Amino acid sequence: MFLTLIAAIISFMVSAFTMPYFIKFYQLKKIGGQQMHEDVKQHLAKAGTPTMGGTVFLLVATAVSLLVNLFSIKNTQSLALISGILSIVVIYGIIGFLDDFLKIFKQINEGLTAKQKLALQLAGGLMFYFLHVSPSGISSINVFGYQLSLGIFYLFFVLFWVVGFSNAVNLTDGIDGLASISVVISLVTYGVIAYVQGQFDVLLLIGTMIGALLGFFCFNHKPAKVFMGDVGSLALGAMLAAISIALRQEWTLLIIGIVYVLETSSVMLQVSYFKYTKKKYGEGRRIFRMTPFHHHLELGGLSGKGKKWSEWQVDAFLWGVGSLASLLVLAILYVF
């Protein structure tokens with residue numbers, strides 16, 4: 001536990017120290033910044049804000065974790081577990097980096113196409129499964145203490161889990177500080193689970209990422225001086241999925257990650273309902289003012305028809321939802 005605290009503090013300090021230099025380099029080179037959605041007018045002033053800040057906190061967390069684990073890992077099983085989680089973080093970070101690079105440096109608005117991104121994500125998921133999950137012999141999901149055997153279909157579950165949550169966190173990263181602190185809340189919860197299970201190597205990895213993310217948040221809270229970009233959000237979502245698998249608590253991510261589930265569900269519902277009503281009535285109708293859900297809250301509160309919410313209000317509400325959901329999971333696991 002002490003080692004985890006030291007690693008978290010080091011990650012925080014290095015991340016917070018290096019981020020201003022990243023931002024300054026970005027501005028001096030006059031690199032194109034984040035593009036804003038025109039439908040949310042209060043965001044237009046953020047156009048040009050440096051992005052790809054996830055590159056910094058991912059490098060910091062990975063480097064500190066590897067350095068500390070070199071002196072703390074005592075068996076090959078722990079080494080395989082940590083290397084598996086780190087590998088999926090790095091792979092998805094590279095995918096996000098490519099996407100950001102094409103948008104910013106090559107001025108390709110779409111970045112990677114949806115098919116290209118999905119293909120790379122699936123390839124990364126397959127590497128994670130065959131190199132780190134399959135050798136462990138895991139082929140079942142732990143649901144409330146019961147083992148649901150999936151056999152070969154566990155492969156498809158892993159792909160769905162990793163790809164799904166990487167994209168879900170990516171959708172959540174839409175306003176200042178929302179994704180970074182939401183992920184911190186999720187990681188703290190998994191840190192508690194790892195501690196109770198005695199998975200101290202996983203706990204150390206979680207601690208380094210929490211520290212690096214908090215260092216990043218010093219510059220990502222409203223008004224944000226930097227955004228994490230796809231390089232950060234895709235990697236963080238994949239990391240959460242991998243940790244839930246490593247701790248054999250896959251189901252918990254549906255509740256711990258309720259914010260990401262809500263954001264993704266809002267997009268899916270909106271698109272499906274719009275297509276259905278357009279086919280039935282000749283014009284598309286919407287359930288939400290705008291998706292993902294955080295934009296709906298910005299434009300009119302919970303009902304979508306009330307007063308506009310500030311970004312801080314949206315953040316506080318969704319962080320609160322995530323915190324309560326995480327406490328519920330811990331209560332289910334260790335109290336009831």
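Every residue, even glycine, has its Cβ placed from backbone N, Cα and C.
These features come from Swiss-Prot:
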{"type": "TRANSMEM", "residues": "3-23", "note": "transmembrane segment"}
{"type": "TRANSMEM", "residues": "53-73", "note": "transmembrane segment"}
{"type": "TRANSMEM", "residues": "78-98", "note": "transmembrane segment"}
{"type": "TRANSMEM", "residues": "118-138", "note": "transmembrane segment"}
{"type": "TRANSMEM", "residues": "143-163", "note": "transmembrane segment"}
{"type": "TRANSMEM", "residues": "174-194", "note": "transmembrane segment"}
{"type": "TRANSMEM", "residues": "200-220", "note": "transmembrane segment"}
{"type": "TRANSMEM", "residues": "226-246", "note": "transmembrane segment"}
{"type": "TRANSMEM", "residues": "251-271", "note": "transmembrane segment"}
{"type": "TRANSMEM", "residues": "316-336", "note": "transmembrane segment"}
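In summary, the transmembrane segment (251-271) does not lie against the transmembrane segment (3-23): fewer than three C-beta pairs, each 6 or more positions apart in sequence, are under 8 Å. For the transmembrane segment (53-73), the list of distant contacts is 3, 6-7, 10-11, 14-15, 18-19, 22-23, 79, 82, 86, 89-90, 93, 96-97, 200-201, 204-205, 208-209, 211-213, 215-216, 219-220, 226-233, 235-236: same-chain residues at least six beyond its ends, Cβ to Cβ under 8 Å.
Of the ranges 3-23, 174-194, 316-336, the one with the most Cβ pairs under 8 Å to the transmembrane segment (200-220) is 3-23.
Within the same chain, the transmembrane segment (78-98) stays apart from the transmembrane segment (316-336): fewer than three Cβ pairs sit under 8 Å, each pair at least 6 residues apart. Tallying C-beta pairs under 8 angstroms between the transmembrane segment (118-138) and each of 3-23, 174-194, 226-246, 316-336 places 226-246 first.
Highest Cβ pair count under 8 Å relative to the transmembrane segment (226-246), across stretches 143-163, 174-194, 316-336: 174-194.
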